[in-house]
Amino acid sequence: MEAEQRPAAGASEGATPGLEAVPPVAPPPATAASGPIPKSGPEPKRRHLGTLLQPTVNKFSLRVFGSHKAVEIEQERVKSAGAWIIHPYSDFRFYWDLIMLLLMVGNLIVLPVGITFFKEENSPPWIVFNVLSDTFFLLDLVLNFRTGIVVEEGAEILLAPRAIRTRYLRTWFLVDLISSIPVDYIFLVVELEPRLDAEVYKTARALRIVRFTKILSLLRLLRLSRLIRYIHQWEEIFHMTYDLASAVVRIFNLIGMMLLLCHWDGCLQFLVPMLQDFPPDCWVSINHMVNHSWGRQYSHALFKAMSHMLCIGYGQQAPVGMPDVWLTMLSMIVGATCYAMFIGHATALIQSLDSSRRQYQEKYKQVEQYMSFHKLPADTRQRIHEYYEHRYQGKMFDEESILGELSEPLREEIINFTCRGLVAHMPLFAHADPSFVTAVLTKLRFEVFQPGDLVVREGSVGRKMYFIQHGLLSVLARGARDTRLTDGSYFGEICLLTRGRRTASVRADTYCRLYSLSVDHFNAVLEEFPMMRRAFETVAMDRLLRIGKKNSILQRKRSEPSPGSSGGIMEQHLVQHDRDMARGVRGRAPSTGAQLSGKPVLWEPLVHAPLQAAAVTSNVAIALTHQRGPLPLSPDSPATLLARSAWRSAGSPASPLVPVRAGPWASTSRLPAPPARTLHASLSRAGRSQVSLLGPPPGGGGRRLGPRGRPLSASQPSLPQRATGDGSPGRKGSGSERLPPSGLLAKPPRTAQPPRPPVPEPATPRGLQLSANM
């Protein structure tokens, strides 16, 4: 090599001045490169074999070591530990353990049968199986001295040869050595087995029982880390979750262990009489099965063992000899233990598959006991049951604890996903900064309200605002028309902005799923995002103006300049959407009621309170008798008023709507659809009723009537709506008397008070109302 390289170098030095000497430079690299081929041939194979002994980068190694860098460090540790050191998480060790596991299970099944039912084991298949098993067990014994050991206590891996040897000699070496003695090799070499007498033969057969100690080696292979590795690989194949895979593996391991114990017990039932040369009182001699085939002997022995283990009998007959008695007791003890273990594991497995539903059932049992202890009425219990069903839907989680254990980015991702429906339907979040949306969502609390619940009570101190995920709610303000809120709306922010009291009541009309934001979290978020405070204040002021109220704090803040043009555009979008939503829900309100016919009806809860409704009907008749108006069959008669106002009464939120026939005078008139007046009754739970008779549209005369049908003056304060006697515009009404938050109607005071100044709204019909207390 040096002789060839030196002339090439000299030629290149001499050819430097001229260009003709450049081509001869090319051959030396080829000659130099072709020289080391014989030495570099085994290097790729050795390198490939070395990678098989090292941990590879996969999901399992990343889970164990944490990162790619940690895996590379572990690979360097294997290289520096010495030659032929096998890492316990390497691919070679994984496949070797899998082969040994299968071979070991085969030995645990085949060896008891061969020892028990076969006297001559010189057949070629039996010899091949024994020799192959002994060879693999001896190789496994040698490889264990070069395989790293996982120290469970310190979560480290021993790779030093001296440390591996010392620890293996102190733990599993003796068991592996005894179970790996090549008895078949000894018999084949010296050919001792044919010349053995009976005692030597029995001794040799007893030595074969030592193979059962390989059960302890099975425990060594079934370490937790390897089980997790198998589970993860099966997850990728069958696309199963970790809980389902672990549950299936646990139940299969338990069933396999019980079947293996039954197999061993059956072989033991026949082995003991065989070692005693089948005494006359043993079950084999009694059943005359000494010379039967091994298949029939094994079947009867297995049936006898399973009968004992399952505690269903003694098999074909009760034990007679003392060895059979002791074997029966042993089988019963083992069977009872396995049965208890199986029941315990199966129960724990079933409970772990649906722990959230089990937790909900346990919680609801406590609720039932609580209701029984306090003797709550049946309707309250039903409401509590329905609340739990809608709130938890059969599953209960400790959501705060689960989210609190996660990292902040993962927690925000989960909250954004679970609240995606709320964000999609709410323009406030659609036009806001994503950081603001995330800040709000992480502080929300989920709540459920039932139909009829007052979410917000007028005049109370506000400590929360609410975002509607699903449901329909009504805003009840004194002297103002109802406003409906549905998915994507929010309410309760006015008192948080002004630090005052609630300006209106909010009632749930359906089951509502809301998210609440406390005042502390509300102020903390708005301090971080001042532009969103401006948006909340703009919408709040517009809502107050729509119900005829004002707030000096909001007006003063409204007069301040806006932070930017984008904020003003967003405020306009929010205000317009809020108005459109209120207008749209009111337009859809009549469709939520019952379908009306052309006949005049009264809407009243007759099904739930027939006696109260009958009393109300009597009061209606009295009111109609004292009404100063045209004849019953004229266009302005009470029958005409009832028929024309049927569709308006369907949208009234005063009470549940049930149709009732108005009277015999209603069947003789066919009336047009446009309403002129509305007559309906509203009942509270306390037994009080209210009858309202609304007058014609603005421009027509109308007079208010008292409880006895007498005309009232405009200054009488017993009516919630104000109207002048000459038909001038007054305060708008919704077509029905608003129930106070308590659900009761107060009696009208007898002392006159000055009337409130009217707020002209000609678009809203005025009405004359009559209140009758039952």
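Residue 1 is the first one shown; counting continues down the chain.
Quick reminder: no glycine exception, Cβ is built from N, Cα and C everywhere.
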Quick one: does Swiss-Prot have P124 and L159 on the same side of the membrane?
-> no
Let me know how many other Cβ atoms fall within 10 Å of the Cβ of R502 (3',5'-cyclic AMP binding site).
-> 17
If you count Cβ atoms within 10 Å of the Cβ of C495 (3',5'-cyclic AMP binding site), leaving out that atom itself, what do you get?
-> 21
The recorded stretch from 125-145, 254-274, 330-350 sharing the largest number of CB pairs under 8 A with the transmembrane segment (98-118) is 254-274
In sequence order, which same-chain residues at least six apart have a C-beta under 8 angstroms from N291 (N-linked glycosylation site)?
-> none
Take the topological domain 'Extracellular' (320-329) and find every residue of the same chain, 6 or more past its ends, with a Cβ under 8 Å from one of its Cβ atoms.
-> 268-269, 272-273, 276, 279, 281-283, 286, 308, 314
Residue counts (helix, strand, coil, in that order) that DSSP gives for the region 'Involved in subunit assembly' (46-91) = 29 helix, 3 strand, 14 coil
Local Cβ density at R546 (3',5'-cyclic AMP binding site) - other Cβ atoms counted within 10 Å | 16
Per the record, 3',5'-cyclic AMP is bound by G492, E493, C495, R502, T503, R543, R546: how many Å separate the farthest pair of Cα atoms?
-> 16
Looking at Cβ-Cβ distances, which residues of the chain lie under 8 angstroms from G492 (3',5'-cyclic AMP binding site) while being 6 or more apart from it?
-> V456, G462, K464, M465, Y466, R502, V506
